[in-house]
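Q: Have a look at this one.
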């Protein structure tokens, strides 16, 4: 008798067909790499985290018309700037560890609402939670928040311009018709799930004294971007598996003690690879996005490699367990 593999496990390792990734990857690489090179050239790599979060606007709008992508990226860029600014302000406080949980849960709610109503791709509030929680973890001075806002908004604006270059040649195009979303039960449930998952994961990680609770909060919202339980379990498994493998690559890169310029070039290449892979399989994309994220965090706030790797792994496990658990407890039940 053969062993039956659960559906979510099988789905976690399926390679999906994906076309048109070349331009998406190039846009993301240019949007991230150029601002980082400018910061390196001017001696301000300590602002690299702010720039990278602003540049993440470039990953939104895959497959959309130029007009629809422009509108989506402008909105996302503004919210990313708010998230970076909020996180940096929290970083100014002595009690930032606990306040960061509240701020991250709040941005998760806003991100979930806007993502669902405006049908963003990629869906969900993960990038916004990432921006708030990670910047909040770094001690800052009050004046740093203004710098963070300027750098993040400039990087986001550049990403929007890069995304709009194609419109010069082929026109803006018409948005794809799609049914309008309203604030319904599904949206309210997504918001509630996201807030509870972020708050619970952050509280657990902070209470046990792990160094970077933001990884737990980020991982907790990942499964909940999907609506159904099977898809949530698949995303949780992909997050855990991809992160674990990605940490091996991160360990090698971090131990090489690379210069700032080399880190920038590697980060740019890793983001391009991530965008080329994410549509094929989310776990594969995590293999490249994990070292990218750790390199950027290490560049902004140097940390011993072993501590950084352990914190990332254990917090990811906490986060995906919390996220999957919230999804399970709030799953749709058949009516009798």
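Each residue, glycine too, has its Cβ placed from N, Cα and C.
Those TrEMBL annotations? Automatic predictions, nothing curated.
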Q: Using TrEMBL as the reference, determine which range in 97-117, 118-138 is annotated transmembrane segment.
A: 97-117
Q: What residues elsewhere in the chain lie close to the transmembrane segment (37-58), defined as a C-beta under 8 angstroms and at least 6 residues from its ends?
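A: Those are 27-28, 30-31, 73-74, 76-77, 80-81, 83-84, 88, 127, 130-131, 134-135, 138, 147-148, 151-160, 162-163, 260-261, 264, 267, 296-297, 299-300, in sequence order.
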Q: Can at least 3 Cβ pairs under 8 A be found between the transmembrane segment (282-301) and the transmembrane segment (313-330), with each pair 6 or more apart in sequence?
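A: By the criterion, they do not touch.
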Q: Who are the chain neighbours of the transmembrane segment (195-225) in space, where the CB to CB distance is under 8 Å and they lie at least 6 residues beyond its ends?
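A: Sequence-remote neighbours of the transmembrane segment (195-225) are 97-98, 100-102, 104-106, 108-109, 122-126, 129-130, 133-134, 136-137, 232-233, 235-236, 239, 243, 297, 303, 307-308, 311-312, 314-320, 322-324, 326-327.
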Q: For the domain 'Integral membrane bound transporter' (200-324), give the DSSP counts of helix residues, strand residues and coil residues.
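A: The breakdown for the domain 'Integral membrane bound transporter' (200-324) reads 103 helix, 0 strand, 22 coil.
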Q: For the transmembrane segment (313-330), give me same-chain residues lying six or more residues beyond its boundaries with a C-beta closer than 8 angstroms to one of its C-beta atoms, as numbers and ranges.
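A: Sequence-distant neighbours of the transmembrane segment (313-330): 189, 192-193, 196-197, 200-201, 204-205, 210, 212-224, 226, 229, 232-233, 236-237, 239-240, 243-244, 247.
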